[in-house]
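Colleague: Before we start, here is the structure in question, set down as structure tokens.
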Amino acid sequence: MSFRERVWPYLPESVRYLSLDLLGVLAAVFVAALAVTVPVVSETPLRAVVTFPFLLFVPGYSFVAAVFPAAETRDEVEASHRQLSNVERVTLSLGSSVAIVPLFGFALNFTPWGFRLVPMLAALGLFSVVCVGLAATRRSKLPEERRFSPPVSRWYRGFRNEFVPHRTQTDAALNVALAAMVLLAVASVGYVLVDQQNGERYTELYLLTENDDGRLVTDGYPTELTATQSRSLVVGVRNHEHEQMSYTVVTKLQRVRSGGGSTTVVEEERLDRFGVALASNESTRQRRVLTPSLTGDRLRLTVSLYRGDGAENPETGEAYRRTHLWVNVTAPS
């Protein structure tokens, strides 16, 4: 008894109706997941070659498979319930993907994961797997002759008619060249649209405070400080450089003089310094305790971010990112 004969009867009925197209969808989800998680692939243009066709076709195809489980019928009696032809199925799959992908992107934009490639593929992969389950279940409830199954044999014969029994070598060469150009176009467009290495590289630096409810917010910053008394401030850094980065963050309290269209630092003291290493798209929020000793009105509390791990003094160069607050510091009573 073969493995199929021993195992097949014990599988759920819907699983037994996973035809080649549904198995292909599951395989595409698995390959796309590998393309964005395995470093040897995710750090190369191959990631775009895999993920762009996935985004373009797989979510829409799985959705169409769930909605239209039956094969095309030409029976005039069932004309009012006519199912999709193969061409219509492919066309509708492309159109559905164009509609589904932006909807998922819009929804992810309001989640903690944000509108990024990995969360997008994870959500679309889960959606596709659910649709495959629905499609298999609905197909299992149809008579065998009405279930949709991709006409692989017919497609293979058509391929052989185009390439193998060619009338001339020129016709075969043109067909091969055309197929190669299509594959190259898909790969090129996918690389431009999906590969994050072509995206903008930057680092976020921001300040947060804690409100009365204990939530971190971007307002209500301290403006009145007392010398020798500590106040806390949360410093946030997010890496969008598409590679691991090391940063040094320095906080200074500065007395400045403005004039002639420029600002000059007259006196300053360093209140805090820390280093942090972040992977691509990783962020950190660190609560820092600041204890000023410099007093005066309208002092500039400057937070500067430098690229580097602090092995050398980064403050000798220009800060990569900088933000500041204006504060008044009074002497203790």
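Here the Cβ of each residue, glycine as well, is placed from N, Cα and C on the backbone.
As annotated by TrEMBL, domain 'DUF1616' applies to 26-328. The transmembrane segment annotation in TrEMBL covers 20-42, 48-71, 92-111, 117-137, 172-194.
Each of these features: where is it, how hidden is it, and who are its neighbours?
Modeller: Remote same-chain partners of the transmembrane segment (20-42), defined as residues 6 or more beyond its termini with a Cβ less than 8 Å from a stretch Cβ, comprise 50-51, 54, 58, 61-62, 65, 117-118, 121-122, 125, 128-129, 131-132, 135-136, 148-150, 152.
Non-local neighbours of the transmembrane segment (92-111) in the same chain are 55-61, 63-64, 84, 119-120, 123-124, 127; each lies 6+ residues outside the stretch with a CB under 8 Å from one of its CB atoms.
Beyond the ends of the transmembrane segment (117-137), by six or more residues, the same chain brings 14-15, 17-18, 22, 25-26, 28-29, 32-33, 36-37, 51, 54-55, 58-59, 62-63, 65-66, 69, 100-101, 104-105, 107-108, 111, 194, 196 to within a C-beta distance below 8 angstroms of the stretch.
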